[in-house]
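Trainee: Shown below is the structure under consideration.
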Amino acid sequence: ADSTPALADVTNVRAGTDSAAEAADLGGANKNEPIDVVVDDEPTAREDWDGEGEGEATPEENLDEEDDDDEEKEEFVRGEAREEKEEGTKKKNATTTTTTTERLENEDDRPISLAFRGNSRGFLRQRVIPALRSLNRTDWDLDSDGATTPSGYMKLLARSKFCLHVRGTRVYAPRLVEAMLFGCVPVIIADGYDLPLSWFLDWDAFSVRMTEREGVNATRAAEIVDAADWREKHEALRRVVGFFMYHDPPVFGDALWATAAGIERQISRGRACENATARVL
């Protein structure tokens, strides 16, 4: 016969039994034999009890309980704050994603084919900008007086498909990257221009490049711009623009990473050159 007691029998075993086997011994060989449940009238003496009396607590214990309650309340408040923050972050991310999606879907709505804001300083600009403006293209916005507001400048870049970048009086100007950050494909007119990160980025994929001789020929320059596939170059630009953006804190693949990679490349090339020279000598 099975001597294992039923679940109801085990749960009613008096205090002092440590296992189901002992519970089975109390019930005997027949599992249907009733088990006597002993209920003591007097509380059992325990050495680990302080004996202060049931329901009573010392002032120190009361203070400890109050501290525990305060800690539980603080933890509860912190938990609620974390949940609210996470919920706010989720909503913000959802809004950002929606805005980004809408922006990308409306990229084709850029009404300006070619844009420029800046001055006409420099020999090349003095020839290129007036020549292009002489074509009187209504889909171009080429203003060379150098006067604009930040909001107006950003709005222009966001509404333009191609942005003109002509060599001026300085080695480098931020206009190039500014246009790229707003999704405007740069049209670069400069000979011998060492473009940023050109050692690992194919600028021909996301920009339009022409020689200075072509740039001063307005008709030829217009033909080159009109023949460029804006959709294809714009999509390529979206894939590489992250290399020109800084983040706080820095992230893998941003402008800081690209700069560090370029420095490491130059150091490696320098060491290789030194080693080659040493072998020759």
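A Cβ is built for glycine as well, from the same backbone N, Cα and C atoms used for every other residue.
This is the feature table in TrEMBL:
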- 49-74: compositional bias 'Acidic residues' (COMPBIAS)
- 75-90: compositional bias 'Basic and acidic residues' (COMPBIAS)
- 105-217: domain 'Exostosin GT47' (DOMAIN)
- 1-107: region 'Disordered' (REGION)
Trainee: Of the residues in the domain 'Exostosin GT47' (105-217), how many are helix, strand and coil by DSSP?
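Mentor: Breakdown, helix to coil: 40 helix, 25 strand, 48 coil.
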Trainee: Summarise the model confidence on the domain 'Exostosin GT47' (105-217) as a single mean pLDDT, whole number.
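Mentor: Summing pLDDT over the domain 'Exostosin GT47' (105-217) and dividing by its length gives 90.
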